[in-house]
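Comments concern the structure below.
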């Protein structure tokens, strides 16, 4: 079943993978399938793969996890020497099949497939302008805007790379892009490097992925990160790198705090190490006497291990997580409301009863889950529950591709930590300081986007974005 | 599973249905569902319905029959005061989910859904021109070309109807169109009236359908046919009719011979009556002494009844057709090749053994099926098999929406009837004459498109279409 | 989805097919698949195939049509030298997956699969007796009763054939059975021959089918009907025929009137010929002056052709039947009630308006459909509608495998023809006489079961069956 | 798709849940659904729920996870005041839909549904005996044997409880059973208490589950464990407990080591606590100097935390586990063989490079996975890898419901720890001692079944089981 309401909602978080094969092997779709599998944590809503061959591009995409959308028969049909793939995270429940990526289009120079991770902040302005000129849109994804611009810029360009450069002058925001044409695989990263994108090599074939964990999985060797503002164009004649006229290092810091998989390296930095250090730093800043340190599974576990190590208190498990919860399950009735939480997490009574617990999580957004978790700990007999957050308070929404609610729903934007502690039922609550975060990154935090903590957006925001923020009273 | 190769293949045959409700009832999708059910013979490849409400258009479409694509849950979600629907016939095996209709787009004035029956002869030229200007295409259907033109023409037009008129200046060929916007339902028929389109009324709500059988099914009263070159625009304020600057009557004669359902009336003429008269006329022209008259099920049945009546020979059944053959079934192996035919048709041995049989069919395209059927009759003991065709020889391909093969595959374009009889294993073969066809239509055949018989295409054909024909040596 | 309520409902109508291969070919499942396809009219509820090999029996069965339940992958797994298959007609809406056949069981001598067509009249008595001895039942099908008896009778029997003979002493009613063991294929027909069963040969491999149309389809040569009370056992050493101690010829006459496919021969008699003769005889008995003769599609068509031939009135088509109605479709709402009928059948207005119509059907059960059809004809402008039924009034329920309602729902058991004509809205109504039926069968009607017309059941009925009949006031 | 080969394979591991409602609420199926969700770790192959109402039992079951087999529509149909459910673990790839439980049968006293966790050691002997008496079998599950015995024993019993007691005299082995009749819910645990079964209460309604985690999930209060040899019969009149004539405490110790969920309590003992103590004891016995302690995710994690705590070495994570691996996924090709492992687990390079690693797992069966994991650690740069197992060597197969391979495939039964270390590529390997295990259980190990370590089976084994063992050279 597929319902689509074409609305102006552009927010996605996604994972992308691509491979360019120069040898005769026809297994690019299969390698991409495994690459996407390793990136599934970046998006569980839809999956898609496009392959090129003989001047044509064929594809398959649908709503669902990688292993739901693809099977042996489908993959065997996707024959081609190169491939790109995409997994998508749906935001506000609009699971529109049409919005699945890669987007495949026919334009004046033939076919082109695009897979996009990130969020443009001026997509709606460009759409409106294009619509005024008569352009029609069939999806609500930024990729359609980008494809239109590339197609139009191609008219007076020598080649597609030049058209992409011109397009980069027009689009603002976060984008890591993979573009597949019948004979090229092109990787593009926005001038701020907001979303990650790495390059690897498998048997002399170049591949790209949102994170190194996908390279590990497919057995590829890590070469380097695609640089901010870089266009890497791979053809049978080799790799060509083109740099946009300006660039900055502003990788999203939240990739380290929460979003990326712990075994990935972004810009050469181990996500796991950062998370553990965040826990240690958090302990230095906000140690509290207690009996056990536990993490909210699974996002708080690594920081909790770091905190426990620093605190010299044993790390422990506080909950058992049900590993079999599917994407959808039947809702308990009103009278069974508590089942919904316990279905996913059950506290380890024997471990927490009578204990003073330090509970570590990576962040608080609305606070609803935290409240339930703290209540479960108390019901299980915890004597004290001290909540420690391994990142600063999230005060501002993200416009670069992480789905965050409006400011009025961000609990930290509306209450003091003491008030939040009370709301959540915690005995105390401490966040990591921005300085602490900075120290964890060897005092180079200025090289990362921290807009959600600081409100310092690395790009200009279109007028209505600013207005929006003002209206919220910041 | 959905594979899509974006190629330049535009040929479809389709059925469309639409309804505009002015009352509060929200069952437009359901009525459209039943309307499409009655039009399923016009296309079994994909089905789709779009509804409008509150300034938005939501839709559902997929490959499959109407009752495969839709279920109660889906229909209940498609709430809206008005709806259009589409069933599509796939031509060369490209069952691309993306090509399912209605096409739903967002353009400068909001959303718009299009359902198209017919074939433009200059779509590829317009596409190329648009692509030169930077337009991207995501499907291979004409509707996407039309939507682009309407969107662009809308810029300097007062309203959508004016934009449609301008678009009609640009597109050439056959089109019966239903266009749904958040507050209008617009029906358009090309200036030659090549494809049928009728208007009806159900409880004071206007509806449109490819054929009257859909009106009968949903319980609507027939009002009139949409006229060639007419735009009928329905809003809450009523019906507005706009006429294109010129128009002709050239409804496809093959709709009567084969394509439409026998219980439909097109331009007020009963399809059933025509078919029966074709049989009678055929008998007048090519009577042959025989014991029984049978039709190829189901397409030759009605003409056979007419032939038998005229010949005063009892009409009889020659085959039993298996009513349970689905869209797909497992292919018999090489050694079981004959099963494929017998699975669908089994001759009534008791009825044909020792008999001189007149076998009636509506047309011969490649001749492959006819040969198998005649062989089955002979194997079942028929003494003589005289093949009679209730239409003239198909000598030219159709460019207006009926899927016909190239001339070199049209058996009648390459052999004389005597040669064909020999090829097919028939004792004799006679076609209906063009004059005979004319007489059946009360000598008004000039009001119909007979290009497939005569080569007189009612529209200009783009240069390459002509070349194509020339290359084939006609 | 599969819900099963184990209730005491034993009525089924079914089709069976089996093949014993002595050569090495492993395509028995595939041939059975095609055989079942040709028997699909005998049951659309569930489909199943079991194959034997290496001492084991593997199978696949589920609710659905043959081409829904089986695909290439499934068939390829069903490797084995011999196979039996079954299609099942569900009666009162109980679409229990567990009741799909063949039934495959493990008993003291190994594995055994059973496919059953017919209905035992004493199954409930045997079940009760077995249950008293501790036997458990997992389905409500007769096959489970039969399998239990064969298994128990096998204890003191030399071989399975002897066990079957003993079982035949116990079970009463209609049964055509195919039994597959790891090295035998056994066909059994009840001593009255109530249900059909024919034997054929394909490349020297013996096969069995409910009707000859399945032999035709798979390319098998007809050998003979399995005789009433005969056990035909096929092994690699050849065919062995065993006769039950007594037997009678009482093939169900309704197979000829309605149930079998018209191209089949039962006991060597052409079903088509009988149906046409029924129409002719009906005309002799109840001619009425009229303009056209039409049949209720598809069941009345052949008799209508016969009636028309005899009456020397042109046979004509009165309705167009929608060929795309699936097993399930969305119900129209109350206000759209008439859609349900028109979705399936639409009258050919041009053909019936102002006409005196003779409408032929094979039988009337409850009369509900006939009333709707006659109303449609009148709405379409028919001047007179004379209903003629090509069989005598159905006055008694069938206990031998055709699903008939209780007597109080059989319209002919409760009203005179004149009253029925009035109820149905017909100008007149005539049934074929029993004598007429006898004459069509060359005055050998005593060789057929006519219990539904005459109440003369060929077997004893268990006490409660009689009681049941008495209670209904016959 | 469902293939079934009826073979003599009886081994299953399963989870069961049941609830008896005395109030009017019809949500027993839904509560059972959530209960099964919490027991999904005990079986992922098939799921089923049966409910009773109005003297009937309706059910739904199929292959698949709970949330694949059930949806809102299905659950809404399963109306009834009481319910039992089952999840099943398939052993040797025989995913036979027919073997899904609960088994629902009709017997002399009406309907009965059975859900069984455990394995009978004499099922094949009883089956053979029953088959000799003519009984037929349709599945290969023990439940069918049990249902037959209960049905037969019911003949001379006052009530079903008496029949169950008699059946307990006949069946040997492990069984925790839930039996549902139209008015009773009966829980049975074998006289050795080999498999767990707990009783709870939710709003005064009695429920049963394999583990307490299911009680927690549905919000039920734990009452007590069903005792070894106890029959608990719940009716609207209350709870009745019947004790078998003899009983022993021999709960499977492996439930604590690996199988049960860590948040469960079995016989009142916290599974989590045991696992942590096993890690501590393991450290006491086989400490080795190292830099980090890691567990094989997820089975070794808790013991690793215990080991680390005892060793005063920081617990750390060594791998990231992909949480999105479905039940089935496409196999990498030969050349991509390593992908299969890395798809599931990726080592945390930054954490293990240059480190001396202690790797904790709960057990070694064949050793294949351990070898791959150790290789991954070495490839990631681990300097030393010391494998520590938190249970004694598995030397003997389990006959009580845990699927273990033959002795010749049990690596510990064929090699010394030193040899195994070499085979697996570990620098050292130590198992927990049986004495250590005993101490963790407060020296009450005699109250548990430790047959897989000691070969001391708590029940007699049928002759051929012994023979089997002898043949393996023990």
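Note: Cβ is positioned from N, Cα and C throughout, glycine not excepted.
Taken straight from TrEMBL:
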DOMAIN    D:14-237  domain 'Glutamine amidotransferase type-2'
ACT_SITE  D:14  active site, nucleophile
BINDING   D:252, D:398, D:449, D:452  [4Fe-4S] cluster binding site
BINDING   D:299, D:361, D:362  Mg(2+) binding site
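Sequence features annotated in TrEMBL and their locations in the structure.
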residue : record                        : DSSP class
D:14    : active site, nucleophile      : strand
D:252   : [4Fe-4S] cluster binding site : strand
D:299   : Mg(2+) binding site           : coil
D:361   : Mg(2+) binding site           : strand
D:398   : [4Fe-4S] cluster binding site : coil
D:449   : [4Fe-4S] cluster binding site : strand
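A simple way to gauge crowding: the CB of residue D:398 ([4Fe-4S] cluster binding site) has 20 other CB atoms within 10 angstroms, across all the protein chains here.
In this structure, the C-alpha atom of residue D:362 (Mg(2+) binding site) lies 16 angstrom from that of residue D:398 ([4Fe-4S] cluster binding site). Among the listed binding-site residues, namely D:361, D:362, the Cβ with the most fellow Cβ atoms inside 10 Å is that of D:362. Sitting within 8 Å of the Cβ centre of D:299, D:361, D:362, and not among those site residues for Mg(2+), are the Cβ atoms of D:257, D:258, D:295, D:296, D:300, D:303, D:360, D:363, D:389, D:390.
In this structure, the C-alpha atom of residue D:449 ([4Fe-4S] cluster binding site) lies 21 angstrom from that of residue D:361 (Mg(2+) binding site). Of all the recorded positions in the record (D:14, D:299, D:361), the one with the smallest CA separation from residue D:398 ([4Fe-4S] cluster binding site) is D:14.
Cβ proximity to the [4Fe-4S] cluster site centre (mean Cβ of D:252, D:398, D:449, D:452, cutoff 8 Å) flags the following additional same-chain residues: D:194, D:253, D:254, D:400, D:402, D:450, D:451. Counting every protein chain shown, the Cβ of residue D:449 ([4Fe-4S] cluster binding site) has 27 other Cβ atoms within 10 Å. Over the domain 'Glutamine amidotransferase type-2' (D:14-237) the predicted model carries a mean pLDDT of 93. Cβ neighbour count for residue D:252 ([4Fe-4S] cluster binding site): 27 (other Cβ atoms within 10 Å of its Cβ, all protein chains included). In this structure the alpha carbons, written CA, of residue D:361 (Mg(2+) binding site) and residue D:452 ([4Fe-4S] cluster binding site) are 17 Å apart. For the pair the residue listed as 'active site, nucleophile' and residue D:299 (Mg(2+) binding site), the Cα-Cα distance reads 18 Å. You'll find the Cα of residue D:299 (Mg(2+) binding site) roughly 17 Å from the Cα of residue D:252 ([4Fe-4S] cluster binding site). Cβ neighbours of residue D:452 ([4Fe-4S] cluster binding site) (same chain, under 8 Å, six or more residues apart in sequence): D:254, D:394, D:395, D:396, D:397, D:398, D:402, D:404. Look at the Cβ of each of the recorded positions D:14, D:299 and count the other Cβ atoms within 10 Å; the largest number goes with D:14.
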